[in-house]
Amino acid sequence: MTAIPHETTHASRTAGIAYILKKSLISALVALVLFSLMVGVRTEAGSEGQLTYWTRFGEVAALVAVVFGGSIVIELLRQWIGPNGTDSLVPPAVRSGMSFLGRYLAPALLIFTFLVPVIFYDQRYILDLGILVLTYVMLGWGLNVVVGLAGLLDLGYVAFYAVGAYSYALLATNFGWSFWICLPLAGILAAFWGVLLGFPVLRLRGDYLAIVTLAFGEIIRLVIINWQSLTGGPNGVSSIPRPSFFGIPLDNSDNGLAARLGIEYSPTHRIVFLFYVILALALLTNWVTIRLRRLPIGRAWEALREDEVACRALGINTTTTKLTAFATGAMFGGFAGAFFATRQGFISPESFTFQESALVLAIVVLGGMGSQLGVALAALAMIGGFELFRGLENYRMLVFGMAMVLIMIWRPRGLIGHRAPTVFLTKAHAISSDLVKEGHG
Amino acid sequence: MDYFTQQLINGLVLGSIYGLIAIGYTMVYGIVGMINFAHGDVFMIGGFIALITFLLLVSTGLTAVPVILLIVILVSMAITALYGWTIERVAYRPLRHSFRLAPMLSAIGMSFVLTNYSQVAQGARVKPIPPLITGGYTLHESAAGFVIQLSNIQIVVVITTIVLLAIFTWLVSRTRLGRDMRACEQDQTMAALLGVDVDRTISMTFVIGAALAAVAGLMYLLYYGLVDFFMGFVAGIKAFTAAVLGGIGSLPGAMLGGLAIGLIETFWSAYFSVEYKDVAAFSILIVVLIFMPTGLLGRPEVEKV
């Protein structure tokens, strides 16, 4: 009995080598054809507008070799792991250890984040990177309400980010209003736009919803570019006021914060202040989301994500449920946008392209739609990864796209695939058969 | 009136290009039920391959325009079709039974890969070519001196589109492959039980869609005289709008929608503002999806629980 399965696996493995080679050869051939012209011949417009070209057969050969080797490795891995996929890779002991780690990871990460400005006080670069990561954490958490909780795929999230940024920039430069007055206004305006988008798309779902939100995001961007009298068009809005410490400016003047506290002025003060502002905003987003999940509206979002038809059958008002999801997500996007405007001091439509929406969406998806910790970790990984590839401007979007495809194939539920219901019965109830008998009730 | 007629001609030519791309969207949506977000970039790749083939042919000293065109069209169709096949194989097939947003997200990733791949491989600058097909006819000259022109390239675009559409309609309605495709569209499991190779049929759908997108890319190259790595995004969304407007899943609908979008865009640019022409196209997409989700020729989608 035991010998037979052993023999069959052995046989399949020996037959496998020829099979693997054949498959890899086909892949290499396909790669050769694909890359032959696109990579093998490089075109460039000359000085008088006429095209020149030169050949790069070395690169094609290298790419084909990589594909050949890569597909051999993938096939071998597939045979080694077996059809069960990744489940057999992780033994139960490791998994319980990971869940133990998961319980303490979030508090540890939070404490570390609080201490970042203290530890890295002298390293401006790390502080700036930290602010950037936290901005994306906040955006990710905001989009998570729409995509992760309510299950509405929003490809135009950056529109609300833009609305928030331009609201603050225009209010501050035209009327001289302070950041702390404009921040809630930016959030409210973005939420308003969220409802405005939400109304027409109520009947749509899935892919159609995604495309309409994408179109909405593009429309906002195009209007910003073309409405030059208001937004400055492609030149953007510059010299946006920096935030103040509740009315006390953070500068080198006599009534600045440093002078009032009697300490020596340093430009790092403002960076540290910004760091804590965005941390507070992000934590606010997180806190509100967690609280909302325990309210009826949060439960309705999750029900909507799981099954819209069942949701309606249960008497949940899908209209208000969807609209609140859009409005809440948009509001946090607006907050983040206002913060972005005050941090940069300059905004232009360049910052609000579809790529940005896709990046935030990728963070949410990679983080495992609905998991707050996962989104934070994904933002850290994504933005950190982008920083690593900073010198390779073009390649990093290529790698980003590949990562998105691979994650979808490998772990469609994200790194922390977490979709556990937030409510469940703690006690088992016995149900009498009278209640479930066919034809009754 | 003359201005109107001229815009009508321009709009129909632009619409033919959109229609060719839209067919790829509509077929894939009909069979797999997903928006192939990368399809606009496949169109862009088709344009690039046509450009490179053209350049290589010219440098060999070939001067006969019909021969060049024929070779360019065949090579770009073949290679772009292989791109379509590979994309389906790598990015979509493993996700066929995954949760419903997965293929869409994978397609967005694939779109980024293709855009940046061609940027890395071919550079970010716009690639112009000299006009290959020149000349044309003056249809009418008004007293005010306004001339209605029908250029040869416009004729070539429209005739190529009509011929391809005829071939394609024959393929879907009369051949074994077309029957398999329609069967898969209705019920994949049942089609598989009756001996239809579902995987192969889906692959062929992507191959045909990509080949048509390649032709659209070539037509774009000939008509506008340039390609760049970013042209797939907006063209893709407009073609998708066309597919939805015509009724997604319907082939004549895709062509009709393409023509409609081409005309609307041209007339909008001619009579209102050029800056807001993309806004107009996107607004149409939103309005159509909201008020007419089945499009002009589509069937209403029955929701199954």
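Glycine too: its Cβ is placed from the backbone N, Cα and C atoms.
Curation plays no part in TrEMBL annotations; they are all automatic predictions.
TrEMBL lists A:20-39 (among others) with the feature transmembrane segment. Within its own chain, the transmembrane segment (A:20-39) is flanked in space by residues 56, 59-60, 63-65, 67-69, 71-72, 75-76, 79, which lie at least six positions past its ends and keep a Cβ under 8 Å from the stretch.
Residues annotated as transmembrane segment in TrEMBL: A:60-81 (among others).
Among the features that TrEMBL reports, transmembrane segment is placed at A:101-121 (among others).
The feature transmembrane segment is assigned by TrEMBL to A:133-163 (among others).
Counting only same-chain residues 6+ beyond the ends of the transmembrane segment (A:175-196), those with a CB under 8 A from a CB of the stretch are 159-161, 163-165, 167-168, 220, 241-244, 246-247, 323, 326-335, 337-339, 342. Annotated transmembrane segment per TrEMBL: A:175-196 (among others), in sequence order.
Among the features that TrEMBL reports, transmembrane segment is placed at A:208-227 (among others).
Taken from TrEMBL, the feature transmembrane segment covers A:271-290 (among others).
Per TrEMBL, transmembrane segment is recorded for A:358-383 (among others).
Taken from TrEMBL, the feature transmembrane segment covers A:395-411 (among others). Sequence-remote contacts of a segment are chain residues at least 6 beyond its ends whose Cβ falls under 8 Å from one of its Cβ atoms, and for the transmembrane segment (A:395-411) they are 86, 355, 358-359, 362, 365-366, 382, 385-386, 389, 417.
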For the transmembrane segment (A:133-163), the candidate among A:101-121, A:208-227, A:271-290, A:358-383 having the most Cβ pairs under 8 Å is A:358-383
Maximum Cβ pairs under 8 Å to the transmembrane segment (A:271-290) - stretch from the list A:101-121, A:208-227, A:358-383: A:101-121
Folded-back contacts onto the transmembrane segment (A:208-227), same chain, C-beta under 8 angstroms, at least six residues removed: 152-159, 162-163, 166, 193, 197, 200-201, 233-234, 349, 352-354, 357
